[in-house]
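Take a look at the structure set out below.
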Amino acid sequence: MAEGKAGGAAGLFAKQVQKKFSRAQEKVLQKLGKAVETKDERFEQSASNFYQQQAEGHKLYKDLKNFLSAVKVMHESSKRVSETLQEIYSSEWDGHEELKAIVWNNDLLWEDYEEKLADQAVRTMEIYVAQFSEIKERIAKRGRKLVDYDSARHHLEAVQNAKKKDEAKTAKAEEEFNKAQTVFEDLNQELLEELPILYNSRIGCYVTIFQNISNLRDVFYREMSKLNHNLYEVMSKLEKQHSNKVFVVKGLSSSSRRSLVISPPVRTATVSSPLTSPTSPSTLSLKSESESVSATEDLAPDAAQGEDNSEIKELLEEEEIEKEGSEASSSEEDEPLPACNGPAQAQPSPTTERAKSQEEVLPSSTTPSPGGALSPSGQPSSSATEVVLRTRTASEGSEQPKKRASIQRTSAPPSRPPPPRATASPRPSSGNIPSSPTASGGGSPTSPRASLGTGTASPRTSLEVSPNPEPPEKPVRTPEAKENENIHNQNPEELCTSPTLMTSQVASEPGEAKKMEDKEKDNKLISANSSEGQDQLQVSMVPENNNLTAPEPQEEVSTSENPQL
């Protein structure tokens, strides 16, 4: 029996060697072109798709295994960090028991995620890839059977084409050819049916695997987010318990870190605040910051109301001070603003610098009033001129309540008269002159040297005051009281200025440097021609509403150069 088995094994081995030899011989003949090779384009396309599918499947399977390995590593790392936190967390701190539950749930969640990922993703891909080896073997077997089929066909053709025909050999060659053809065609037909199905199954495999992965991630991250919220709340309680202990990031250069801010990992509605500083280096509790912000917001309306009350009080105090200052300044401002208007003041300076130099040269010169005019000799004009003076309306008050303090001014020194300013109260200016024969008599400033136009305003000296809130009303004074007050307040020295002082102002102007004798002669000529222009100033008292109307600018002077100078 043993000898029979050994002989059978030797015969099988010899048969296999003979097949391999015949196959190798056939392949050589096919490569040399001496034998015809059978080809199936449909199968070749399916085989090409299979090899591509196999490569993609093995790559995805390899990446999934690496992903699972990374999850395992992350599980172990997270577990060690949680255990270390639990060890260093003192039992006296708030949230000690809650931290234990968080650590245990964290480990359980990672373990569940790892197991389900390995079962629903990696193992599924492993089953999908396992079928490639079987199909690959069948494709290889089909290739061998194809060579056997080609070899049997070539042998049959050789026997049939031999010169000496042998019926036994021909019958045996036909039998082998039919057998090889049947095996090859059956295997080829199976592969032609299975390969396209396997190739299309890759879509369902990918869908199933990544649906499982996405679902597992969603569940895992949702549960992990809850644990993170719980852990953040525990840390917030601990921070609130020890709010005086602040950790500041320091000792690190800006190049080694992109940001020095320790931001919270979780943003909740209770801790979010628009007023928190994004650049604060400390990790103070956001809840405490939101509470402080809400407290400041509650105090903000009270502070704003207090500021409004303080502003109202300041306005009332300013109005009282203005009332007292207006009564005191009405008599004080009369001294530096007399009603004397000599020929020297009638000449306007070409530039602002000339006007400043004129005031510096003649410290004793007076400011001309808008409506009054005197002759060069200092005597009032004999003809009754009419001056129309008016007080400022309520809309011409101060621009803002805060500017009222700057409007209340004291009397300027006699050497430099104050410039015209917008007054907030309707008090009469110091240049208001009652219509009396003494104030309007004498010479008229309509000489060739100077002419005063009450109707036209110089664009350089005109003042524009924007409308403002209405100032408090002042007690109405009768024209007789104003007249007596202005008469008593006038300075006789200022009203009667010598012609030498009047003309010295003209001499101080650059380009008008003349001798004093020529100026006296000019003054005589001006007094002689003063009667020609008495009609240019008409003074009329407006008794209505007890308001004196006058041109608003106080320095509206238009002059013409004397051709004799």
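Heads up, the Cβ atoms here are built off N, Cα and C, so glycines get one too.
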Listed residues THR423, THR438, THR549, with the one flagged phosphothreonine by Swiss-Prot: THR438
Position flagged as phosphoserine [Swiss-Prot], chosen from SER285, SER364, SER451: SER451
Feature phosphoserine, as given in Swiss-Prot - residue among SER273, SER280, SER375: SER273
Arithmetic mean of per-residue pLDDT over the coiled coil (304-329): 63
